[in-house]
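Summarising the annotation, TrEMBL assigns transmembrane segment to B:28-47, B:53-73, B:85-104, B:116-135, B:144-164, B:184-203, B:224-241, B:253-286, B:317-340, B:346-367, B:388-412, B:418-440.
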Amino acid sequence: MTRYIRLAAVFCALLLALLVNATRVQVFQAGSYDDNPANRRQDIARYDHPRGDILVGGVPVTGSTDTGEQLRYERSYRNGPLYAPVTGFASQEYGTAFLEHSEDAVLSGTDPMLSPFPLWNELIRARSPGGDVVTTLNRAAQQAAYSMLGRRKGAVTAIEPATGRILALVSTPSYDPAVLSGNGSAVERSWARLNDDRDKPMLNRAVRQTYPPGSTFKVVTAAAALDSGVIADVDAPTDSPAPYRLPGTTTSLTNESEGCEDASLRAAFEWSCNTVFARLGVDVGVDMMTATARNFGFNDTALRIPFSVAQSTFDTSVDRAQLALSSIGQYNTRATPLQMAMVSAAVANGGQLVSPYLVEDTTTASGAALTTTRSHPVRQAMYPATAMRMQELMEDVVREGTGGNAAIPGARVGGKTGTAQHGIGNSGVPYAWFVSWAQGYDDLEPRVAVAVVVEDGSADRGDISGGGMAAPIARAVMEAVLNSPSEHSR
Amino acid sequence: MTNAGTTVERADPPAPAVRLPRRRGIELALIVLAVLLSVYGYCGVGLAKNGTVPPGAAGYGAGLGVLALLAHFAVRLRAPYADPLLLPIGVLLNGLGLVLIYRLDLETPGDKAAPAQLVWSTLGVTLFIVIVVLLRDHRVLQRYAYVCVVGALGLLTLPIFFPAVNGARIWIRIAGFSIQPGEFAKVLLAVFYAAYLAANRNALAYAGRQIWRFKRLQLPTGRVLGPIVTIWLLSVGVLVLERDLGTSLLFFGLFVVLLYVATGRTGWIAVGLLLAALGAAAVGWLEPHVHGRIEDWLHPFATIEAGQGPNQLAQSLFAFAAGGILGAGLGLGHSILIGFAAKSDFILATAGEELGLAGLSAIFLLYGLLVERGYRAGLALRDPFGRLLAVGLASIVALQVFVIAGGVTGLIPLTGMAMPFLAQGGSSVVTNWAIVALLIRVSDSARSQYDGEDVS
């Protein structure tokens, strides 16, 4: 019987099978099991500690609420609608958007840089506390833009020209991202409600919506004309007819204002003569117009601030009539409010366009810096001399032309209005545009460049004009920036 | 093959009495280690979950320590030659089980299982002491073989008269305690099998007719085999009625192993495997409950793909995977996601997630050691009943571990069964202490017979 007992002990090989199988599950297939979307562990780990904060002007605009549920911490927002286009949402059910999305690794604590000894953390399975994201926003400018837009639909973007720091990024109507933070039926209802809303409150109009820029695009066309030498003297007559028959067609382009025939560039810019700029665009030619538009940031798909930005477009395959329309910001020319703020910033910064950005710094929870200075690419959008001329032209618009509403006592202000037609046969309610920059008399350089767009279906059609509707908003934002202490002058 | 019996016979007559070491000191040291490890785990859970040592830590350690020491003194007194590993392994597994259940209790504040488990453990250790003290010689049990089998069948039949719980009629509820009589039946059946096979093994091995021309494949006569097959059919029948397939698998495996050890006929294993395969196929095909279990085993993530979320087996696999090699640490896993039966059938998932492959291997090795010590006692004994009993009891542990651990790790289809000592379940803990007590008794006999003392 001894022999049989010994043989029966082979039975213990069953335990060996268990060990082999446990190794399969715990080592070799562990990765795929861990990553299975139905496995809640990653979610539990993600929400089991407070999320890092997003800071504006040194003060957090976000927070974390301990719900005591399985997914423990929920995102909270202070003044959610004001900052929603910047923060986005961080939902346990619907993922993340905007800064919450692009800085998620830092905020949620998974960024390896957050841990002083990454390998050690890996070993003891500790998650670092979430880091903080310090934004470039100017609290006062953001608030001014938001309250000036009020109940109207629109967007405001403000940039510090010398650095590319985004000072304000507002989109209305907005929403409170806190209603999406948690999970469960209330969040699902909010999600459905926000998505079904005809006013699209979750659409970030400042960076994710393109509009025909209309007359504000004349800044680009004028710069192209000056850079290419088509215009040598801004005060010389341009020899342009009014009305202007679009090349190769029988369509005639007219102006809103009188006195555009044969006007100088300065006068044409001041009074926003369509005929002059349409013809200038054709004279400059599609190659030079395209090159200049590209230098200002059009047709760039790679821009991240750090979240992605909708591509602003300038159509490169156009005939001469289409080029004429493109050059006055119609046809297929489209721009985000951020793009138009970049155009204004390039003029204000002597022709140099600094790539805009929203995140100044990321820090650990205890405040130690994570990122060293990020490099922000600089591009020559036009010659410095051209930029000087353009500044003059834009100042004239505010001092004497259509942009009078943007004037600020004690400051140099340059601007350009725009009223963009859109819709089939231009039947849509036009968009009111205003782009501008401002420099206090004590400042060494312009401190702010702004773009404002207002799309308002409820307003009387006649009232919608860049100068009437959008310029006061731009002025309020510029004043807010000029009145705040200059913290960065690099 | 060496035969332990002949070695002794050759060395016996002239040699002076050999004093075998009794090794009680080793046992005591290992028990202290086992208790300390359990208390350490208990404190670890508290520190991880609440940042403080749990208030009951001292009481828990003292309780477990006193129980273990009482058991140790019983062994020292009545079974001084017993294998010194058996009791410490029991203490460690039971202590670890209490830690894991306490840890899961923290996730379900409304449903505490650890206090009841502690009461049952006390009962189990008490039974252990009673067996070690009162049962002076295991061969006494041989006389009660038929009492045992009647008792076993009675226990197995009992729950049929009680309402089903979660689809299985295996519980009876008395005064708030639920008891699983089938657990106790295991030990009784093992005693019966061992006694019956020890008495009839020669008839089983050498009489009977050959099937075809294989010499080895020889069926015993119906007269010898009749009772045992009848008992087996009855027990399996009862279990199928109660839908407790794990236990019926256990009885079947026990039956085949003991039959093989008693007769040495490889044919039995072949026939056993064939019957098992046929039975499994038939039941898996016909019985919807079992069919579902097999489907789950083949496609553990089917419910996820169907959009219904992970089922228990998928959650269990997630838990094991989350543990990885070193584990998340006691108190830091999320095996509670398994939901129902996380503290009983799926307790191993908590061990796998929080202690990792390292801890799981240690637990498997403890079971392996327990089984090996049982087999070793069987090898050392001279009487066939004792040998079969030791092998049978050790095989119960091995089969149980394989069936439930294989089930929750996706190696074999899942069948409900308690992980010996670890899982929540009073009847199971008490039964396992009885098994360890019997193994202690058998191993004591095995070694004391060489000590120049006359044990008969």
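Backbone N, Cα and C define each Cβ position, glycine as well.
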Report the listed stretch (B:116-135, B:144-164, B:317-340, B:346-367, B:388-412) having the maximum count of Cβ pairs within less than 8 Å of the transmembrane segment (B:85-104).
B:346-367
Residue list, the transmembrane segment (B:144-164) vs rest of chain: Cβ under 8 Å, 6 or more residues beyond ends.
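Cβ under 8 Å, 6 or more out: 170-173, 180-182, 184-185, 188-189, 191-192, 195-196, 231, 234-235, 238-239, 241-242.
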For the transmembrane segment (B:53-73), name the stretch out of B:116-135, B:184-203, B:317-340, B:346-367, B:388-412 with the most CB-CB pairs under 8 Å.
B:116-135
Is the transmembrane segment (B:28-47) in contact with the transmembrane segment (B:184-203), using at least 3 Cβ pairs under 8 Å (sequence separation of 6 or more) as the test?
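In this chain the transmembrane segment (B:184-203) does not contact the transmembrane segment (B:28-47) - fewer than 3 Cβ pairs sit under 8 Å.
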So which residues does the transmembrane segment (B:116-135) touch in its own chain, when a touch means Cβ under 8 Å and the partner is 6 or more beyond its ends?
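Non-local partners: 60, 63, 67-68, 70-71, 74-75, 77-79, 90, 94, 97-98, 101, 141, 177, 424-427, 429-430, 432-434, 436-438, 440-441.
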For the transmembrane segment (B:388-412) and the transmembrane segment (B:28-47), check the count of CB pairs under 8 Å (sequence separation 6 or more) and say whether it reaches 3 or more.
no
What parts of the chain pack near the transmembrane segment (B:346-367), using Cβ distances under 8 Å and only residues at least 6 beyond its ends?
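Contacts of the transmembrane segment (B:346-367) (Cβ under 8 Å, skipping residues fewer than 6 from its ends): 89, 92-93, 96-97, 100-101, 103-104, 312, 315-316, 319-320, 322-335, 338, 397-398, 401, 404-405, 408-409, 419-420, 422-424.
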